[in-house]
Each structure stands twice: as C-alpha cells, then as structure tokens.
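Here is the structure we will look at, set down as structure tokens.
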C-alpha cells in the first residue's frame, strides 16, 4: 500500500526538516534568500499550531561567511581549504542564527541554536546530553535550529553534509518523520539533470542495493550533499523507525503542497517505529559495563512502561559512566533488560534507595529524577 506524504506529515508528532545551502543562500551573491525563508517559517508555524514538534537542520553558515573570508562564489564548496571553511562557518553561523531569530520572532516562535559534531551523536554520554537539550527545547515550544559544528570539524571526522546530520538527529530524538527539502523532487531511475528519460520514483518500501545504486553525487556549487547522500541518510533514518520524505524545496511555502499531496516527492517508509528501533539498537549494539539490582516495585514499574528511579535500586556493581549500558536484574537475579543511565557508578552508590526529591541535597547539584529513562530501556 502506497503511503502519501500528506498522511505521514499529518500523523507526525515530531518532525525534522532539513534544508541545504542551495535553499538558504543565493549562490550568485552569497546573500540569504529571505523571501523564501519567510515562507518556510510560515509553514513551520502552521505545523507547530497543529501540535507537531519541529526541529530545523539548516546548512548555510559557510555560504553566508564566504564573502567575509574573500572566497569566490565560483569555487565549489569541496574545493575550499578546511581552515577557510571553518573560519567562514564561524562568521556565517552568527548571521544564520540572527536571521532565524528575527524571522521566527514575528511568528512568536523562539529558536535555540545547537551545533553538533559526529562525536556528539556517537559518544553515548554526549548523545544523551544533546538529546536531553533538544527534548527540553521542544517541550518548551522552542524551535531547535541545528547545524554541524564546522569550526571544530575535520575532513576525517565530520558528517560531511547535513543530510547525515539530520538523520542522526532524527535517530537521537526518535522523530516520526525526516523531511529533506532539496533542489530536486525526490529519487529518479537516473539523474534527471543529465538524462531527460529518467523516471520519478514516488514511493520506496525498502532501500535495496538497486535503490541505493540509483543515487548520484552532488554537482559543483554551494551544496555538499547530492542524492547519494540523501539516500544514505534515509537508510539511517528508516532503520531508526523514521519515515523519510525527499521533496523539492525551491518554491515558496515548500511544505504546504506536501500536506495537500500537490507536490511531487519520494516517500521512504520506516522499519517499525522510533521507540522499537531504539530498543533493538540498545539490545544489539551496546556493550554493558555494569549491573544493578532492583526491588519488586521497580521491576513492576518497568514492565508497565515506567522509568527506573534511584529509589528502586538495591545494589550497583561495576564501574560505568553516564550513558554506559548496564544490565538490570531483579532480586531473584532474573535479568530484566539493559538501560543507559543518567548517573555514573559513583553517583548511584550515593543515591540508590533514596527519593528523587533528595538527590540534589545528597549530590550537591540538581540531577535527574530518574536513573534510567524509559526511552533508554530495552527489556527482554
């Protein structure tokens, strides 16, 4: 059964929107495309009014900082020296955030800047911290505006483009949908820029090797991510339980036609949902570093979908850091599952068996109410 973009968007509770440099920056003069950005903001405001949580992953910092660094707009992004890219990004990122702050302020939407590196998404401790910050922004009605931290990135350790970053963000915060707005309207049987006989593919149920082979690299210009990057990123997202929509974003109000099924796009359906995908990832890919034993009340709470509080913990063994995986046992030594804790082994020894309201007095700083959040638990 074909699933449409409008159905996916209308059923989404948490949406990642990714826009590339080609949409944000005029490649001829390096100026922001303010008219287009204003209409994107209108579309996002409508989504938020429907109680959809939105994150915006936006490129454009390097493009906006080129002129200040004397970098010609005729030079492809991939040909710019890393140090010059980093300097341009540090200049352009300030301008980019100011633009978003001004645009969304008139729509009564606050924005918060988040800059991420690959290490932030792959290290479990920083992963959890970044996710907690994004969740708090969303809970407060703030629009997170996310970009790669280009100033500290290296050629060897970087996302390379924001398609991959957007997929990782979707994975981190369990987004229902990733919408990639591009200069093209989805996936084709061949590159439509060079083959007029290429056929559009509106729906992809499974990303097979043949499907992956259809994607091409980016052409020269401000952008670094071509369709190949988008399909590789889509694979990350769908494996994390996130639906993906790839659509043309060049026209004003780019999201409205998708909601009404008036736009040509490619829909790639997820495998399962974000919650089940995350739990499978925890069970299959995380090496445990410690063990905790919990009482019967806490065990029953976990089975009923609750988080694990320090009050229910009776014993903690091993040395582990925040975000390291720990095995969870009941008092009869039955293994219940695996979880990613918000406290390290030294901290939990001080607060286990105690009420959440006592944590700040014991540790001397405000901590978390739960030891392991239910989203970070994978029960057997």
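The backbone N, Cα and C atoms fix where each Cβ goes, and this holds for glycine too.
Quick caveat, the model's predicted, so the values are computed rather than measured.
Residues or ranges marked as ATP binding site by TrEMBL: 18, 224, 225, 226, 227, 228, 229, 230. TrEMBL lists 59, 150, 162 with the feature substrate binding site. According to TrEMBL, the domain 'PUA' annotation covers 290-372.
Each of the binding-site residues 59, 162, 229 was ranked by the number of other C-beta atoms within 10 Å, and first place falls to 59. Of all the binding-site residues listed here (18, 150, 228, 230), it is 228 whose C-beta has the fewest other C-beta atoms within 10 angstroms. Note: the Cα of residue 228 (ATP binding site) and the Cα of residue 162 (substrate binding site) are spaced 13 Å from each other.
Put simply, 18 is the one of the binding-site residues 18, 227, 229, 230 whose Cα lies nearest to the Cα of residue 59 (substrate binding site). Counting only the Cα atoms, the space from residue 227 (ATP binding site) to residue 150 (substrate binding site) is about 22 angstrom.
The substrate site in the record is lined by 59, 150, 162, and its two most distant CA atoms lie 11 Å apart.
Taking the C-alpha positions, the distance from residue 150 (substrate binding site) to residue 229 (ATP binding site) comes to 18 Å.
Looking just at the domain 'PUA' (290-372), the mean pLDDT is 94.
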